[in-house]
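J.: As annotated by TrEMBL, active site, proton acceptor applies to Lys496, Tyr718. What TrEMBL records for Arg590, Met767 is substrate binding site. What TrEMBL records for 697-821 is domain 'Alanine racemase C-terminal'. Residues or ranges marked as N6-(pyridoxal phosphate)lysine in TrEMBL: Lys496.
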Amino acid sequence: MIDPIDFNAFSVNHSGDYLPGSAPAQIQRVSIDSRNLQNGTSTLFVALEGTRRSGWHFAADAYRQQVRNFILPAAAHSPELQTSLSGSNLLFCQDPLHALQDLAQMNRHAFKGTVVGITGSNGKTIVKEWLAQVLSENYRVWKSPKSYNSQLGVPLSVLGMESSHQVALLEAGISQPGEMKRLEAIIQPRLGIFTTIGTAHDENFENLEQKIAEKCVLFADCRFVIYRKDVEKISGYLEQHFPPEVRISWSEKPGADYMLTVKPDGKKGSRLLLLGNDLSTYTFTTTFRDPASLENIRHVIVSGLVLGMSAQSVQRGLDLLHAVDMRLTAKQGINRCRILDDSYNNDLAGLEIALEFMNQQGKPAGKKVLILSEMLQEGKQSVVHERIARMITHYGIDRFVGVGKNFDSHKGIFPEQRAFYPDTDTLLERLSELNLQEDLILVKGARAFHFERVVRALEAQVHDTVLEINLNCLRHNFDHYRAQLKPGTKVMVMVKAFAYGSGSAEIAHHLQQIGADYLSVAYPDEGVYLRERGVELPIMVMNSAARHLDLLLRYRLEPVVYDLQTLRELADTATENLSIHLELDTGMRRLGMEEMDLEATVTLLQQHPHIQMAGLFSHLAAADEAAHEAFSRQQLALFDRWSRFLMQRLGCRPLRHVLNSAGIIRFPEYALDMVRLGIGLFGVEINGMEQEKLQPAVSLKTVVSQVRKLKKGETIGYGRRGRMHADGEIATLAIGYADGYDRRFGNGQAYVLIKGNKARTIGTICMDMCMVDVTGMDVREGDAVMLFGEDPSLQQLAECIGTIPYELLTGIGRRVKRLYVLD
Ligand SMILES: *Cc1c(COP(=O)(O)O)cnc(C)c1O
């Protein structure tokens, strides 16, 4: 919600066709998705082109929810649309996204506080989140939600700034030259922060200098820009293009405005010694020890000081930062509850995102519960509580648990099932009163409430090895594949084998959300499992028999039929309509009808019109291998011929699909009506042609159980197969072959990443544990370990034991917790 904007005044001055209606034009919120509207009358609905879900046909849906102000694509202009939105104020323009950006710019102009713009390749979100935390010691802060830093995210963030905020923190991210200019116009930061420069999106820039220059466009109008002086490429550019009075640098070495050196502080963390150019000194302390966090913290310290905070207040803010995972995470809870952990921060925008995420989890067997701390930094409490109450109603929360003294005065506006506690300790003491059973629980609290304690109390005992699925990366990959297809081509996602090991129900819900059209599983019970968890998308089942007919009908599953025998049995036993997908064997030699079966298939289907051919498909045997391109093309040609024959003889138009992930990249011209996406969703480009365009969506992580010093010549593990070649240290990790960490990774075949260091395995892999060499790496008990993810990648790891990513992924043990993360 923002301070009111007059949509009339905006529209008459905007390019495009403005058709004012009779409805009031004061707007206080902007929505691009008709599914999370809250107060229609004060909402402006922007129908963006290109996104399927939010396309203009959702305008009518918004209208039903009382929305009367719209920005629509000019292409959607039609008398019918105008009638269906009668009375509304309609602005039709070439590019609704531009109009949204202009509107944001207007909100920016009205903002009197200080705007901070943060850019860089890594660390933007963390610096923003931490700085917000520290600044909220002194100021009322607005920050962009999560990583809203794109051409769409930035305007949406700016449209959340209100006059009551004193500082606004906004992230800007770019992937191509030219993009920053628009973001700069919307954000117009007065203080700029350049975090780091890395290799993301390198393919779109000529060189590093060009990328740095593009990012610095954000600082065009800044009074101050903060950067690290010893990153030469960045400081070189800034020093050439920005006057000295604008630049504020920090460094570990003398010569910068702030010298900030780091000293380890025993087991407690680190001390940061500050020497300002005015010769002021101060010592900050933090629990962090890793270089990336220490870099981010130094940006935060300098920014806090530049924004007028005392060193003492900055330190108070730093004390509240912990090495907690700040991302929204879904976890397994006690009593078969599911916990959505967002205990890192609490503001209205973040609450809405978290509630939206909660919605995507499907309906729990028990209740939807929200445990929320008060939001002191958001301004007037009565107004804030009104807004919280409205969101609670909108998102169908059954039960509300409020923590903090302020809720007391407005109890009445919350749902009937409610409970209030003055502080976190009281809540913890009386947690059992809440009687949580099979509930879906969102835990969201401001840092100072330490809700991680609540999460710990609710969490099922976790084995410390987790397979983390990053839903943002998943979506990125999904969008990348979809972008290869013509509009209208459907995407079926293969969620067989527990969605390649990642958890089929959770992934299916997310896919439903991001616009997948179809799902496919290998066996009927996998389909039943999904239906029982509320998945609504059509589901194809690759392997089923006529004896499964009841199950298929009851759960609306569409079987693949690959032989005449089954087709005949199904046709004879089915008493109601059944949708099937017919599989043709064009060369895989696994399953499918052959050319000689086609006539008989036609006859059977003609005789049994209740068997409906929903799909017609074939599978490529070697889509990912250039050496077999001719064979693939022969398969594609055969499929084309046979499918035409069937369609012509039967006079029907089933969905035709042949391409898997590899095929979508290699033969996009054969996408036909639908494609079948699998491994690519998880960030593996199996052809190796476009790997850099995908993001690793799954990572396997564990922790260090113990570290020990060994002498030269000592041996390690079963069969004494590991041997120290010099004095050193080894770490024992909480993962073994029973978790899917293959025995062949032992004896130095693979490495893991600990605090940025590559540590090779030493000795054989045990059932539940393994050892790695961490000599000289300052590794401690409890440190996080990455088995695969960004580095080493899943492909790298698979290669080093001569297998494929599919096998590694599907082999991850069932006892490994799956964590779903939205960052
Ligand atoms: C598993 C499977 C796919 C998906 O393959 P990927 O290589 O993971 O994209 C597509 N079609 C069929 C028939 C499959 O069995």
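Yeah, the Cβs are placed from backbone N, Cα and C, and that goes for glycine too.
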J.: Of the recorded positions listed here (Lys496, Arg590, Met767), which is spatially closest to Tyr718 (active site, proton acceptor) when Cα positions are compared?
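T.: So, spelling it out, the nearest of the recorded positions is Met767.
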J.: Given a 10 Å Cβ-Cβ cut-off, pick out the one of the recorded positions Lys496, Arg590 that has the most other Cβ atoms nearby.
T.: Lys496
J.: In sequence order, what residues of the same chain, 6+ apart, have a Cβ less than 8 Å from the Cβ of Met767 (substrate binding site)?
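T.: For Met767 (substrate binding site), the qualifying residues are Gly736, Tyr737, Ala738.
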J.: Once the DSSP letters are reduced so that anything not helix or strand counts as coil, what is Tyr718 (active site, proton acceptor)?
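T.: Helix, per DSSP.
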J.: Measure the Cβ-based neighbour count of Tyr718 (active site, proton acceptor), defined as the other Cβ atoms within 10 Å of its Cβ.
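T.: Total other Cβ atoms inside 10 Å, all chains included: 11.
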J.: Measuring Cα to Cα, how many Å separate Lys496 (active site, proton acceptor) from Arg590 (substrate binding site)?
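T.: Here the two Cα atoms lie 17 Å apart.
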J.: Count the residues of the domain 'Alanine racemase C-terminal' (697-821) that DSSP assigns to helix (H, G, I), to strand (E, B) and to coil, and report the three numbers in that order.
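T.: Counting residues per DSSP class in the domain 'Alanine racemase C-terminal' (697-821), I get 22 helix, 46 strand, 57 coil.
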J.: What three-state secondary structure does DSSP assign to Arg590 (substrate binding site)?
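T.: Coil, per DSSP.
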